[in-house]
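Per TrEMBL, these features apply:
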- 277-342: region 'VHIID' (REGION)
- 308-312: motif 'VHIID' (MOTIF)
- 358-390: region 'Leucine repeat II (LRII)' (REGION)
- 496-570: region 'SAW' (REGION)
Amino acid sequence: MTAPHKSLSVDHISMQASKKCGSSHSVDHISMQASKKCGSSDESQELYLQHNSMPRREEEFQLRPPNYQSFDYLCSDNGSLSQSCPLQASHVQYCTLDSTLTAACYALHDSPSTHSFSPSFGSPVSQQDYQSDNISVSPLNVSCLTEDPADLKHKLRELEIAMLGPDLDTIDSSESSFRSYLMSKPGMWKQMMGIPEGDLKETLIACARAVADNDAQVVDWLIPELRQMVSVSGEPIQRLGAYMLEGLIARLSSSGSSIYKALKCKEPTSSDLLSYMHILYDVCPYFKFAYLSANGAIAEALKNEDKVHIIDFQIAQGSQWMTLLQALAARPGGPPHVRITGIDDSMSAYARGGGLHIVGQRLFRFAESCSVPFEFHAADVSCCDLEVKDLGIHPGEALAVNFPFQLHHVPDESVSTENHRDRILRMIKSLSPKVVTLVEQESNTNTAPLFQRFVETLNYYTAIFESIDVTLPRDSKERINVEQHCLARDIVNIIACEGAERVERHELFGKWKSRFTMAGFSPYPLSPLVNATIKSLLAKYCKNYTLEERDGVLYLGWKDRLLSVSSAWR
């Protein structure tokens, strides 16, 4: 019999089995036929249950329905994702979650861009109104994908026989009928994929696996499922899932950095962006952890110096140095002369509404109020172009260098043979600094392939979103703004981009340790006073935050997930 044009229903299979067997066309009759072939209806059911979680491989069965059309992407008014424009095309329209009640669409083009982005500011995802090295991969979705294809095909055939009898070929000689039948039974199909019903995390992982394997049919089946499961105003995994899904779809568009132009939809004003950054600073201890631990190490290393020069590789608003200036002002015998060199990034410049001179003026006024002699030097140059002459080094100054959540943006040997990441470390070492402070995310997204990178990002940011959830209400517009404009851009960049366009390239502390050691640095253990200061800070936050000290290195975590690491070198 010729394969049907549309998916087979249970009744259709029953009728076909009835014609073959010469009896009434009922579901019960199919069970009876299976019983005759397999021994009993219980046995056929057991065979089905044995194989209902078997993995899917593209070469074994294809699940695209005959009347398949590309799925589109549009924001619905309940925070979930629905359909609007084709996923794959040379010129695709892409619509994002918009805080205004009108979603804006943009055309994506394949033109390259050299634009880079900062670690924690600005999101590619426009908000929807709030009213409307050791990567843990889930065994459910990875181990199940390694079965031998021939063995899988044999087991699928056994399942067909158990359900419809050994003479299935006389009912329909093509495999497409059985595939169509499975396609009409989402629950059975997801069980065979090893995806628990309603499990958003596992569905995201399965979709990422399909994208990594270029399995368009499974991607096209899972994306509409995911759109119904994610929401920017839901539980932490739903909110994160919205941005993870957006990253996958952006990747499928293959439009490079022009993705970001489409995902911005509506750039917040500089004052709004600055307020979102301040909210994140207040509700979570991540930046305070970085600032306090680095300041403690710098104050300890420079305690006897009369002339101090601090090079900050991401000056942002300059807020970190106000507490240090206060501490230096209280030094017995009077404060030292302080000079700070600030290296800028584009998003920080946008947030403060101007260049580095704004930071310099702010710090100068604060230092003056503390009676600390102060100078500010602006280094308005990217890290890849930075040379010693840009740093304004003066003889007789005690030098301290600060890398706060910044060095992972600098491309390494996996991106360019110039390897600016290691070049900068060697350049700094040649200046003989008293101390170099490093704070980075404890995550591995640098050289990991897409699937492992996706799982790592999912696990890492689940902890971040959970930590925000205990402080800001889920229906808070402020929370939506913070997540979309301070976190989502990083997430989409990690998933959607490759090569030089992927600027979020985190490494685990073990790798940073190797880089610093190869550049000639040795560890400078953080003092017990710094540890005690951070513990006092965390006492003001949720008890799920953790602090661990290992060999003079501090690890900040959420529950059992390490998130940030602070270390010092000389």
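The backbone N, Cα and C atoms fix where each Cβ goes, and this holds for glycine too.
Here the region 'Leucine repeat II (LRII)' (358-390) has long-range neighbours at 116, 313, 315-318, 321-322, 325-326, 328-329, 335-344, 352, 406, 409-411, 418, 420, 424, 427, 430-431, meaning same-chain residues at least 6 beyond its ends whose C-beta is under 8 angstroms from one of its own. Remote same-chain residues near the motif 'VHIID' (308-312) are listed as 298, 302, 320-321, 328, 336-343, 391, 393-394, 397-402, 404, 428 (criterion: CB distance under 8 Å, separation of at least six residues from the stretch ends).
Sorting the region 'SAW' (496-570) by DSSP state (H, G, I as helix; E, B as strand; all else coil) yields 25 helix, 22 strand, 28 coil. DSSP places the residues of the motif 'VHIID' (308-312) in helix, strand and coil in these numbers: 0 helix, 5 strand, 0 coil. Here the region 'Leucine repeat II (LRII)' (358-390) is broken down by DSSP into helix, strand and coil counts: 18 helix, 6 strand, 9 coil.
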